[in-house]
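Have a look at the structure below, then the notes.
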Amino acid sequence: MSTTPARIPQRLIFHVDLDAFYASVEELDFPELRGEPVIVGGLGGRGVVSAANYPARRFGVHSAMPMHRARQLCPRGHYRNGRMERYRALSQQVFDCFRALTPDVEGLSLDEAFLDLSADPDARDNPEAIARALKDRIREQIGLIASVGIAPNKFLAKLASDIGKPDGLVQVSEAGRQAFLDPLPVERLWGVGETTTQRLRRAGLSTFGSLRRVPEPQLRGLLGRSASRIKALAEGKDDRPVEAHHVTRSISAEQTYGRDLNQLPRLQEELSRMAEEVAARLRGKSLETASVAIKLRTPDFHTMSRQRKLNRPSAQGAELRDVAQALATEWWQAETARLNRSPRLRLAGLAARELVAATGQLGLFGNQARGASTDALLDQARSRFGDGVLQRGIRRDKLGTDSTQE
Ligand SMILES: [Mg+2]
């Protein structure tokens with residue numbers, strides 16, 4: 001008997017970081033500042049620079065620098081007090097763009113986040129197109145420039161977005177990892193302080209590549225217990241998960257289409273099928289969802305997501321379906337009006353987003369009991385005959401909206 005080690009599927013992580021965020025917002029809101037050196041921060045006696053745009057950086061100004069020093073370096077710069085409320089409002093819009101792609105968003109600051117797209121097979125096949133569409137959307141809808149790093153882990157993704165700045169889009173693949181890392185200076189190691197990098201340099205180890213080639217026991221003599229962690233970073237290894245704030249993960253179903261969907265009834269059928277699938281999986285885990293989301297992606301890889309609370313948590317296909325179809329109809333009609341033609345979709349998905357333990361009170365309400373017993377029958381049939389055997393019947397009325405007969 002042979003044992004095969006479990007294959008760990010490769011992850012797809014984006015690190016998205018807005019370029020010179022605060023300063024760029026000033027340029028966005030005050031067009032007369034565009035292209036001029038802009039420095040945002042505390043303007044008082046002991047103030048510190050919190051952001052400098054690229055024209056200001058050419059004078060040597062950078063964040064965390066004392067403001068009086070910045071004024072020496074760049075006397076003709078535009079110095080502005082920060083407007084945190086405005087930055088926060090724009091940050092929220094940017095994070096909405098992130099969450100349209102995935103609920104697995106770990107914010108690091110107002111303008112920086114990790115996105116875990118591992119569960120999106122279409123994104124795995126087309127990571128650059130997805131990143132490009134995200135950058136376009138942030139630019140077109142909000143007016144800000146983001147840099148994106150794409151990689152199998154957080155450390156590499158962050159390095160990749162940094163290296164591409166400004167307006168960057170850099171992907172580090174598993175195959176290209178070593179070539180990307182080897183020339184980098186040890187100062188780019190994450191969470192490694194100045195004392196340690198100085199020690200490495202004194203030992204002649206100034207790049208990731210030189211560090212990678214030192215056997216670990218030898219490195220331990222130099223760095224002690226952190227040797228293995230630092231060596232792993234130099235090799236681009238990093239297992240840390242993207243830590244989104246939601247406690248439970250969502251349960252979702254999605255489908256990429258070989259031929260774009262371009263009819264609302266087809267989309268509604270698809271959402272109906274996905275609602276049944278997601279509801280069955282919820283029931284299988286004794287969960288209900290308080291919120292249903294749909295995810296739609298157009299052929300140019302723009303992804304949007306719409307979410308709505310249910311009146312009460314549910315694990316019934318029909319209830320999930322109704323909300324998803326209502327959201328889809330609203331989006332479809334608005335989009336049809338905007339484009340003056342039917343939209344096209346390369347992907348559709350449905351997700352249960354706020355999961356709670358099932359209350360076990362099914363049957364207390366008339367309607368709910370009826371829906372629940374139908375679902376229970378479907379579950380039984382599925383477990384007997386396998387998935388995809390049984391579905392609720394779909395009746396299309398004259399208006400082209402779908403409704404279900406039970
Ligand atoms: Mg930034």
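For all residues, glycine too, the Cβ spot is worked out from N, Cα and C.
Annotation source TrEMBL lists domain 'UmuC' at 13-193.
Under the heading Mg(2+) binding site, TrEMBL lists Asp17, Asp111. Neighbours of Asp17 (Mg(2+) binding site), defined as other CB atoms within 10 A of its CB across all chains, total 21.
According to TrEMBL, the site 'Substrate discrimination' annotation covers Tyr22. Residues near Tyr22 (site 'Substrate discrimination') in space but far in sequence (CB under 8 A, at least 6 apart, same chain), listed by position: Val40, Ser50, Ala51, Gly82, Tyr87. In three-state terms derived from DSSP, Tyr22 (site 'Substrate discrimination') belongs to a helical segment.
Counting only same-chain residues six or more apart in sequence, the Cβ atoms lying under 8 angstroms from the Cβ of Glu112 (active site) belong to His15, Val16, Asp17, Leu18. What TrEMBL records for Glu112 is active site.
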Practice item. Summarise the model's confidence over the domain 'UmuC' (13-193) as a mean pLDDT value. Key: 95
**Study point:** Asp111 (Mg(2+) binding site), number of other Cβ atoms within 10 Å
**Key:** 23
